[in-house]
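**Q** Next up is a structure, given as structure tokens.
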Amino acid sequence: MLLCSLTLTLLWMVASGLECDVKEVCLGSPGIPGTPGSHGLPGRDGRDGIKGDPGPPGPMGPPGGMPGLPGRDGMTGAPGLPGERGEKGEPGERGPPGFPAYLDEELQGTLHEIRHQVLQSQGVLRLQGSVLAVGEKVFSTNGQSVNFDAIKELCARVGGHIAAPRSPEENEAIVSIVKKYNTYAYLGLVEGPTAGDFYYLDGAPVNYTNWYPGEPRGRGKEKCVEIYTDGQWNDKNCLQYRLAICEF
């Protein structure tokens, strides 16, 4: 019985102390706030916001390094005003020789018409024997005797050339004029770079000759050709005075 009373007393004491502890924890006044804690870890990035308005242009930066590649050519502009006339340039180089006149069909047609007109307008001279027509050629003289260069200039001035026979018939026509004036005449032939080789004035090689036996023998010193009253040829220097006979 004593043991029972002691047990009850202990139980009551335990029960009483427990009630007191509970009251101190649950029913006491708030304590002093604690110190702030340290910052936590950064949170995740938020979503992109709405695009803002463009800002004002910034100042021009310094020049870059190497220049860029050239751009494409622009469109052609309007023509400018004509410039002043420049000074006359130096003469150009001599061009290559042209084709001989006898190979130009159009030129031959023109010459044929000229010959026809000459024959019609020079009828009086033809009666005097100063104009002779042979085939497609017309030979004429004014009766004057001058040197080779003067004859060449005279014939060119009237639209012709120094008479140059290319057949026996043409040679005989020239002889008839030479006999009429009882003198010699220069022919339209000149010696080339090689002694003894003669050419027409247009540069074509001679295709008909009637040299006096042993001629030519000037050995490059006699560059021109004269025709005798018998129709034979002789090489001669170009400074002698001979009858001027032109061909058209």
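In case you wondered, yes, glycine gets a Cβ from its N, Cα and C as well.
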**Q** Please work out, from what Swiss-Prot records, which of CYS20, CYS26, CYS155 forms the disulfide with CYS246.
**A** CYS155
**Q** Give me the Cα-Cα distance between PRO36 (4-hydroxyproline) and PRO63 (4-hydroxyproline), rounded to a whole Å.
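**A** Pair distance, Cα basis, whole Å: 55 Å.
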**Q** Who sits close to CYS246 (disulfide bond): which same-chain residues at least 6 apart have their Cβ under 8 Å from its Cβ?
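**A** Same-chain residues close to CYS246 (disulfide bond) (Cβ under 8 Å, separated by 6 or more) are PHE139, SER140, THR141, ILE151, LEU154, CYS155, VAL158, GLY160, HIS161, ILE162, ALA163.
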**Q** With an 8 Å cut-off on Cβ-Cβ distance and a minimum sequence separation of at least 6, pull the same-chain contacts of PRO33 (4-hydroxyproline), or say none.
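**A** In sequence order there is nothing to list, since no residue at least 6 apart has its Cβ under 8 Å from PRO33 (4-hydroxyproline).
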**Q** Could you state the whole-number distance in Å separating the C-alpha atoms of PRO42 (4-hydroxyproline) and PRO54 (4-hydroxyproline)?
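**A** Rounded to the nearest whole number, the Cα-Cα distance is 30 Å.
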